[in-house]
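> If you scroll down you'll find the structure; I have some questions about it.
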Amino acid sequence: MYNLKDMTLEEMEEFFVNIGESRYRAKQIYKWIYGKKVTDFDQMTDISKNLRSKLKEIAYVSQLKIEERRVSEIDDTVKYLFLLEDGNIIEGVAIKYRFGNTACVSTQVGCNMRCSFCASAIGGKVRDLKASEMVDQVMAIDSDYGKISNIVLMGSGEPFDNYDEVMKFIKIVNNPHGLGIGSRHITISTCGIVPKIYQFADEKLQVNLSISLHAPNDELRTQLMPINKAYPLEELMKACKYYVDKTRRRITFEYSLIEGVNDKKEHAYQLVDLLKGMLCHINLIPINYVREIGFKKANNEKVMMFKRIIEDAGISCTVRRELGSDIEAACGQLRRKYLKER
């Protein structure tokens, strides 16, 4: 059975041609699936009964089941656990900003990158998600929380470790006949898979790129993020400069401040030296506490010191506001707790 949500518009056009139907049927079906949120072929009333019968025999339109939903009493952030068709569990988050609602989407069940501060990495990667499973997260959040205007691929998993399905997902949600979410309202976050950064730059998309950096030197970054052994900072910075030169777009560098680990004054100056001259923005993140890992977030005084050093060097910098801290909003936390209790 074909899941129609796994198809870009072009792929769906080919699908209809291959089953002896007109190419324009794809736009009709896209309108029903993404415009009207219909999954039952019998409700697609401008499609002939014969075609509806044919589709029921060979295709379906997926939906995600919300297994659990937790609402923050602090800031209206909502954390979702979704049940996949094969019984696996993934997480999604809905976040309210002044500019609209953002869906934080997972790209894998678990993660292989083994970053030492991330709950998603505990237990490793189970499998990649299909494009449809990413699309379904956005649509489920949209239906439950309110219209989604922005997407961040910052949930569980490494997007560039599932590159092809992530690119397909972007095409589907970006298509005006699909969800119609603008490229500049979509952000991909990567821990730094260098060959994929070059490939992504060559796609010439207007999608935002965010790099999970978290350390200003190789020794510390390798301790925190094993990916740095394969792609050390010199290689990563070359790839980032290539991306900026190719796309003329700014990169955001994510830097989680961990008490006593990467929050010293010397680290701030090293970060400035690493990034000075690049078209970039630094997003400082007071790290979410994860019980199994034990890291604590840097205190506010150190966060502000770090920010001041960066801004004094002429680099754009913000501190990400804490969201959903009362509902275990750190990536991987809620899923891990659910699996333990099940």
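Yeah, the Cβs are placed from backbone N, Cα and C, and that goes for glycine too.
Below are the features listed in Swiss-Prot for this protein:
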ACT_SITE  Glu91  active site, proton acceptor
DISULFID  Cys104-Cys331  disulfide bond
BINDING   Cys111, Cys115, Cys118  [4Fe-4S] cluster binding site
BINDING   Gly157, Glu158, Ser189, Ser212, Leu213, His214, Asn288  S-adenosyl-L-methionine binding site
ACT_SITE  Cys331  active site, S-methylcysteine intermediate
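I would like each feature placed in context: is it buried or exposed, what are its neighbours, and how far apart are things?
Look at Glu91 (active site, proton acceptor): DSSP puts it in a strand.
Neighbours of Cys104 (disulfide bond), defined as other CB atoms within 10 A of its CB across all chains, total 27. Secondary structure at Cys104 (disulfide bond), as computed by DSSP, is strand.
Secondary structure at Cys115 ([4Fe-4S] cluster binding site), taken from DSSP and collapsed to helix, strand or coil, is coil.
A 10 Å cutoff on Cβ-Cβ distances gives Gly157 (S-adenosyl-L-methionine binding site) a total of 31 other Cβ atoms nearby, all chains included.
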> Tell me the Cα distance separating Cys104 (disulfide bond) from Leu213 (S-adenosyl-L-methionine binding site), rounded to the nearest angstrom.
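One finds 19 Å between the Cα atoms of these residues.
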> Of the binding-site residues Ser189, His214, Asn288, which one has its Cα closest to the Cα of Cys115 ([4Fe-4S] cluster binding site)?
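That would be His214, nearest by Cα distance.
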> Using the alpha carbons only, what distance in Å do you get between Asn288 (S-adenosyl-L-methionine binding site) and Cys118 ([4Fe-4S] cluster binding site) once rounded?
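So the alpha carbons of Asn288 (S-adenosyl-L-methionine binding site) and Cys118 ([4Fe-4S] cluster binding site) sit roughly 9 Å from each other.
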> Listed binding-site residues are Cys111, Glu158, His214; which of them have CA atoms within 10 A of the CA of Glu91 (active site, proton acceptor)?
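Taking Cys111, Glu158, His214 one by one, none has a Cα falling within 10 Å of Glu91 (active site, proton acceptor).
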> Among Cys104, Cys111, Cys118, these being the recorded positions, pick the one whose CA is nearest to that of Ser189 (S-adenosyl-L-methionine binding site).
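Closest candidate to Ser189 (S-adenosyl-L-methionine binding site), judged by Cα separation, is Cys104.
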